[in-house]
């Protein structure tokens, strides 16, 4: 045993019976268990409720046998932990089915990390059944699992039933416009979901037209990441209009899409009306100087935005100047970080930056290859925009 503990004779006898049952289910004959199996086994758990954990382990092993999969020893060790990390374990759909039967009755796990397990739609459907019944799990990472539209549909339906979920990560799952309809339904129905990560998918302009109205009506989400998708054209504009009407979202990452000048103009209009958003990342969105000027119209009046990242956009020094001039013209601006990384600026911009710092001494302006420090803590989605030396 990994740690010493004292139990009554009755508890020890019950534990021994449970251990033998586990051995049978895992294919190990009782005769081969040996007395030491009770003391040094991968199935053993620690704590005063060890017997209950063994019962749950037995259920998991029975399910593994039924689905012809090898049990995951780290799950048996972490079964009573609040955070269950099973990323990169190669579970597949069958492994997900075996796991789901145990999770549905597990009262301990609050955060579940199943990133990169090849779950596919079938595995997501199995887990959705467990999530619809769990009252304890509120944070799930299912990124990089090839979930597709079938997986998205199952998960969104499950979360609509169970309002316990607070954070869901679905990055890198090949989600396209068909999945956007189910995601939109989730945004409309789930009022307690606070954080949603849809980055690195294939959400296109049609998806933007679907998600935009849902974002406008959503009444709970505070952090949304849709970076590295294909939002452009009318879809980007529709999405931005959803932001304009939303009154809950505080953090939005739309970097590495194709908003372009029309999308930037729509975001500018949104910033005129939105008095809640605090952090916005629009890096690499094909925004020219003209789009930057349109975006700046929102900065002239907005009083809540603290962080704006527009790095790697072809807006040149003229666009950067226009944005900064808009900030200068807004004495009520709350901006603390304005990031123009990888955009070269001229002396005229530098002069304006000096003047703005006199008005807003707390404002950090980042340009070109210049290394500056922004000392206040950022949410994880924005930390990549800062130099490695900046405290996280």
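Along the chain as shown, residues are numbered 1 onward.
Note that Cβ sites are derived from N, Cα and C of the backbone, with glycine treated the same way.
Values in this document were obtained by computation on a predicted structure and should not be read as measured data.
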Quick one: which of 1-23, 24-46 does Swiss-Prot have down as region 'Disordered'?
-> 24-46
Tertiary contacts of the repeat 'LRR 6' (248-269), as residues 6+ beyond its ends and Cβ separation under 8 Å = 199, 215, 218-233, 236-237, 239-241, 276-288, 290-292, 294-299, 309, 379, 381-382
Beyond a gap of at least 6 residues from its ends, the CB atoms lying under 8 Å from the repeat 'LRR 5' (220-241) belong to 171, 187, 190-209, 211-213, 248-260, 262-263, 266-267, 269-270, 281, 379, 381
Tertiary contacts of the repeat 'LRR 1' (106-129), defined by C-beta under 8 angstroms and 6+ residue spacing from its ends, are 56, 79-93, 95-97, 99-100, 135-152, 154-155, 157-158, 169
Mean predicted confidence [pLDDT] for the repeat 'LRR 7' (276-297) = 98
Going along the chain, which residues at least six beyond the ends of the repeat 'LRR 7' (276-297) come within the CB cut-off of under 8 Å?
-> 227, 243, 246-265, 267-269, 304-316, 318-320, 322-323, 325-327, 334, 339, 341, 378-379, 381-382, 385
